[in-house]
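Peer 1: Let me give you the structure first, and then I'll get to my questions.
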Amino acid sequence: MPNKVYDVTIIGGGPIGLFSAFYSGLRSMKTKIIDAEPAVGGKVRYFFPEKIIRDIGGIPAITGENLVANLKQQAETFHPTIVCSERVVDVTKLSDGTFQLTSHNGSIHFSKTIVIATGSGTFEVNKLEALHAEDFPFAIHYDVKNIEQFRDKVVVVSGGGNSAIDWAQTLEPIAKQVHLIYRGEDFKAHEESVRELQNSRVEIHIHHEINELIGTNNQLTKINVCCNKTQATKTIQTDALFINHGVKVDLGTMAEWGFEQADFGIVVDDEMKTTVPGIFACGDSATYPRKIRIIAAGLHEGPIAINSAKKYLEPTAADEAMISTHHESFIG
């Protein structure tokens, strides 16, 4: 077993997990990433490949796809082992203190420490299952790989959170017309995003819900929407419909792993330690007072978790890694 034991195993290969792997390399830790999805990148890869991300210092704007590509390239600097399509379902601490991680397919992994960076958990988008949505499989979208397919099209976006507003704004300069349908009034999104939306060409329909999809031969041509305050209806011509109604989050068996959890994640202290010695958490997996849930904050928490894991293994180790500009791997 010794040659199979890693210093740290990072569960979750999203942006925070990838950057944590890079930082663990700076700390000379033998590192493994295990991700439940077929490829690393997390929700950013799945939901935001062509969306513009603006909440990372020093990067005014970057697509999700490019951000993930950069983070993956950076993570591979120190050659971590990356395992995809495996969902960790059980963690057991052995008599020698090593953790045994069991995946859903029966694979076994061994690690001296664990960093949980699974975000909110594994996820599945909430799909539109009524209104005969199955009749329009190519016109109803939950994520987009190629935004150019909507150039000069009329597009409807349904939802009122950050994702819906981001998509409406991303599509606005590409599409002929963008409509945003929201059943509420106060958008659940960043204030500046809402302000930009209100100053854009996007036609906003608050207090409205979709009540009928109309088209032929699997081609959506229009939707009917109803005002939930007045019951008045109207018809909107459209070529495509985006559904942004949130996701179903599955924390799987984590609740059985022994650490304290709260409503918004795994409880950690200021060193990203969970209540189980040797297990740490960061990013959207973790919660603590005054938590800020943006990518930039998670990129800060990941190195804290790795430093804590390093100190757990070697109490006399330095508190933090030498800055990368002075690291031997980047000199010469």
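Note: Cβ is positioned from N, Cα and C throughout, glycine not excepted.
From a predicted model like this one, the values you see are computed outputs, not experimental measurements.
Annotations for this protein, taken from Swiss-Prot, read as follows:
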BINDING   Asp35, Lys43, Phe48, Val88, Phe123, Asp284, Thr325  FAD binding site
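Help me picture where these features are in the structure shown.
Peer 2: Under the three-state DSSP scheme, Asp284 (FAD binding site) falls in the helix class. Packing around Asp284 (FAD binding site) is summarised by its Cβ count: 26 other Cβ atoms lie within 10 angstroms of its Cβ, all protein chains included.
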Peer 1: Near Phe48 (FAD binding site), how many other Cβ atoms are within 10 Å of its Cβ?
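Peer 2: Around Phe48 (FAD binding site), other Cβ atoms within 10 Å: 23.
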Peer 1: Let me make sure I understand the structure: which of the binding-site residues listed (Asp35, Lys43, Val88) has the fewest other Cβ atoms within 10 A of its Cβ?
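Peer 2: Each of the binding-site residues Asp35, Lys43, Val88 was scored by Cβ atoms within 10 Å; lowest is Lys43.
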